[in-house]
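Before any comments, here is the structure.
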Amino acid sequence: MANIQFPQDFVWGTATASYQIEGAYQEDGRGLSIWDTFSHTPGNVFNGDTGDVACDSYHRYEEDIALLKRLGVKAYRFSIAWPRIYPQGTGELNEKGLDYYRRVVDALLAAGIEPCVTLYHWDLPQALQDKGGWANRDAIAAFTNYAETVFKAFDGKIKQWITFNETWCVSFLSNYIGAHAPGNRDLQLAVTIAHNCMVAHGEAVKKFRALGIQGEIGTTHNLYWFEPYTTKPEDVAAARRNRAYNNEWFMEPTFKGTYPPFMVDWFRAKGAEVPIEPGDMETIAQPIDFIGVNFYSGGFGRYKKDEGLFDCEEVQVGFDKTFMDWNVYPDGLYKVLSWVKEEYGDVPIYITENGACYDDELTADNRVHDARRADYYKKHFIQCHRLIESGVPLKGYFAWSLLDNFEWAEGYRKRFGIVYTNYETLERHPKDSYYFIQQVIKDNGFEA
Ligand code: PNW
């Protein structure tokens, strides 16, 4: 038994995203997003689920905030839906969309909870997609304009801003693998979109600074800890490519203004070039105040000719798996954040997502005994503490997610919440993991 104590100013929070929880997809002038189109197209989302209603947080946000308050969190990470603010992406502003977030932000502040806002958590206005989406550089100016509007509307109230959530998902998962909206399968498109999104991030940061907005701004990358299964050079190189796909491809431009050359060569050999225009790399590498990291998993890989994009196959080494079939690898969190500090220096780090999906069952008395999820959290909290002890500037932790919600291509069957959502009644029921985290926050630590 060890007594684990977190620093006084450690920020405990939970996270959600607009399309996954809000519903009300046609209300108060909201425009359509690529996720409306994608989810309404048969074959894209499990069971044909859509975010039309989701958790109905658009109408039930007060209940959600009451749950946050009871949980005891200092901060809540949520995202603003661009198509609520600019239904066409650019042009006419929709005040009613801003009003919804004004209500949410005011209610959070009244509850003593700091809002942490993501500007882009995947709901691109469909009107922009119709003009080529992120592959069209016009999207960069549209994004910067949208960012400027919300910066000004919430200056002094929202003090922590994240430009993009998981640029890897926006680019490769959505445009090369095709699993997420808009569902393309084209490597060149994915490479272009990753680049344009990073430029858009940089432009938004420049705008933030130019306007003198209070608070801090950063971006969130989903990092994965991929290690070679053996020390054979070909295995090391293969695992390195697979890791760089999630990590270095995004972290190097963000912090150093360069792309990793071995990856540039690899993509070139596959026929894809990064469309860099003069000034882009400087824009991308604007200094940021913190880096958000979403961490879920990791694994081991070895060389296998023609396996996937990188000649790398994953080796199963007996990890516990979540219901997403993702490896539970808490040590990977320690390793990846230690690597961030080693490689990119003392930039403050927030874990902006970490959590687990299990096949929860609601008992007759509306409880969910999700011991495995609580255990997942505990194991990752231990690593957070280890990181802080070792001098990594980890400032906060946001559990994904406050609520079971629309899990993208997996629809509603995959539950990540610490609160159970009954999709028939839309009632919320805190799970055992919620009470576990509540106690951890209360004590700012736990006995491990
Ligand atoms: C992240 N993958 O998504 C997102 O930021 C959340 O919105 C999401 O609900 C959460 O993680 C859980 O999935 C990902 O297939 C979705 O590699 C899929 C992948 C990675 C991240």
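The backbone N, Cα and C atoms fix where each Cβ goes, and this holds for glycine too.
Remember, TrEMBL labels are computer predictions, not curated facts.
Annotated in TrEMBL:
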type	residues	note
BINDING	Gln20, His121, Asn165, Tyr296, Trp400, Glu407, Trp408	substrate binding site
ACT_SITE	Glu166	active site, proton donor
ACT_SITE	Glu353	active site, nucleophile
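Feature map: TrEMBL annotations on the structure.
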{"residue": "Gln20", "record": "substrate binding site", "Cβ contacts under 8 Å, 6 or more apart": "Gly51, Ala54, Cys55, His121, Ser401, Asn405, Phe406, Glu407, Trp408"}
{"residue": "Asn165", "record": "substrate binding site", "Cβ contacts under 8 Å, 6 or more apart": "Ala17, Ser79, Thr118, Tyr120, His121, Trp122, Thr220, Gly292, Asn294, Thr352"}
{"residue": "Glu166", "record": "active site, proton donor", "Cβ contacts under 8 Å, 6 or more apart": "Thr220, His221, Asn222, Asn294"}
{"residue": "Tyr296", "record": "substrate binding site", "Cβ contacts under 8 Å, 6 or more apart": "Asn222, Tyr224, Met324, Trp326, Glu353, Asn354, Gly355, Ala356"}
{"residue": "Trp400", "record": "substrate binding site", "Cβ contacts under 8 Å, 6 or more apart": "Thr14, Ala15, Asn294, Glu353, Asn354, Gly355, Phe416"}
Would you identify the secondary structure of Gln20 (substrate binding site) according to DSSP, in three states?
helix
Counting across all protein chains present, how many other Cβ atoms fall within 10 Å of the Cβ of Glu407 (substrate binding site)?
20
Around the substrate site recorded as Gln20, His121, Asn165, Tyr296, Trp400, Glu407, Trp408, what other same-chain residues have a C-beta within 8 angstroms of the site's C-beta center?
Ala17, Glu166, Glu353, Ser401, Asn405, Phe416
Secondary-structure category, per DSSP, in which Asn165 (substrate binding site) falls:
strand
Three-class DSSP secondary structure - Trp400 (substrate binding site)
strand
For Glu353 (active site, nucleophile), what is the secondary structure by DSSP, using just helix, strand and coil?
strand
Largest pairwise Cα distance, Å, within the listed substrate binders Gln20, His121, Asn165, Tyr296, Trp400, Glu407, Trp408?
18
Helix, strand or coil: which one is Tyr296 (substrate binding site) in, per DSSP?
strand
